[in-house]
Amino acid sequence: MNQVVIYTDGACKGNPGPGGWGVVLRSGALEKELFGGELGTTNNRMELLAVIEALGALKRPCAVTLYLDSQYVRKGITEWIQGWKKKGWRTASGQPVKNVELWKRLDDLVAGGGHVIDWRWVKGHAGDPGNERADALANKGVDKALGRA
């Protein structure tokens, strides 16, 4: 099984506002960078989309170490999602899960991709080179959404 290290990040200028996502994928000596953006989005949507795009870029089942600075995404996929699904995509307080269509996409990728994923939280803006690069790519995504890239 291929070993892949992934760094993801999302950014938003205003919340909601124009946003971007960035991904760094590393496998051995190979490295690939991805980014994109949307107008009228939120930081959490961009954090989710970064992970979705990263996992969607993998062509075969991989052993993935995925670094992200979003506890919302990490806890959502590792702790909360099973409860949401049991409750018909509702939170513990009975409210509809926000960004449900993205959560469903991520759940499908995690469940059906054949990947073994180690979800690792990293403090954002704390000097981690992979996270800093993903952040720069996410900001490039904001510029792209605004037509400046």
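Any Cβ shown, glycine's included, is placed from N, Cα and C.
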Per Swiss-Prot, Glu47, Asp69 bind Mg(2+) 1; matching candidate in Asp9, Asp108: Asp9
For Asp9 (Mg(2+) 1 binding site), nearby residues of its own chain (Cβ under 8 Å, 6 or more apart in sequence): Trp21, Gly22, Glu47, Ala50, Leu68, Asp69, Ser70, Gly124, Asn131, Ala134, Asp135, Leu137, Ala138
Shell list (Mg(2+) 1; ref centroid = CB of Asp9, Glu47, Asp69; cutoff 8 A): Thr8, Gly10, Ala11, Met46, Ala50, Leu68, Ser70, Val73, Gly124, Asn131, Ala134, Asp135, Ala138
